[in-house]
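Asker: Take a look at this one; I'll ask things after.
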Amino acid sequence: MAVSRITRWRLMSMFFGIKCLFLIVALGVLVKNSFTIQNIQSTPSSTPIVEFQKVSKCCACLEKWIGHQCSCYFISKEEKSWKGSREFCASQNSSLLQLQTRNELSFMSSSQAFFWIGIHYNEERSAWLWEDGTFPSKDLFPEFSKFRQDHCIGYSISREISSESCENKNRFICKQLPT
């Protein structure tokens, strides 16, 4: 009887020993994976970084874009013609800025520069229109009758909106709605 008790205790000890060994190996694997994930997160990447904007929690914008009220804005540092600006914005899956609210105008007030925006004269409709074909708000913009129809529209806080030759090179703002 004493021999069977010793054998039973040895079997139980061996069973719990193997179980402990398995748990130690599993813990080691988890710790190793944890350090690997931390290293990946802290390693700089060559791909564009998506940053959630502090201003608005409903959108994420690419690096060098600014988030404001669920839209992303790219403010150029280089100058292009109106057409070149529009083409650049299109290549970024966006369009030239279409101002829709006074709040957006105040967002623009941080810069004194003149920027191309997305208003152009549509000869077929004999009207100034945004790129998407809608009319600019009369609350935000005065009459366009003072502008030459062969010119393009830009905006600056000091000049409000004004027209210039579309071939002039100016900075521009692209706007991208959330997808």
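Every residue, even glycine, has its Cβ placed from backbone N, Cα and C.
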Asker: Of C58, C70, C72, which cysteine does Swiss-Prot list as the disulfide partner of C61?
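Answerer: In Swiss-Prot, C61 forms its disulfide bond with C72.
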Asker: Quick one: which of these disulfide-bonded residues, C61, C70, C72, C152, C166, have their CA within 10 A of N93 (N-linked glycosylation site)?
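Answerer: Neighbours among disulfide-bonded residues: none.
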Asker: Where among the disulfide-bonded residues C72, C89, C152, C166, C174 do you find the Cβ with the fewest other Cβ atoms within 10 Å?
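Answerer: Per-residue Cβ counts within 10 Å for the disulfide-bonded residues C72, C89, C152, C166, C174 bottom out at C166.
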Asker: Which is it, of C61, C70: the one of these disulfide-bonded residues whose Cβ has the most other Cβ atoms within 10 Å?
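Answerer: Going through C61, C70 one by one, the largest Cβ count within 10 Å is at C61.
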Asker: Please name which of the disulfide-bonded residues listed here, C89, C152, C166, C174, is nearest in space to C72 (disulfide bond), Cα against Cα.
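Answerer: If we rank C89, C152, C166, C174 by Cα distance to C72 (disulfide bond), first place goes to C174.
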Asker: Counting by DSSP secondary structure, give me helix, strand and coil numbers for the domain 'C-type lectin' (68-175).
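Answerer: Its residues divide into 17 helix, 37 strand, 54 coil.
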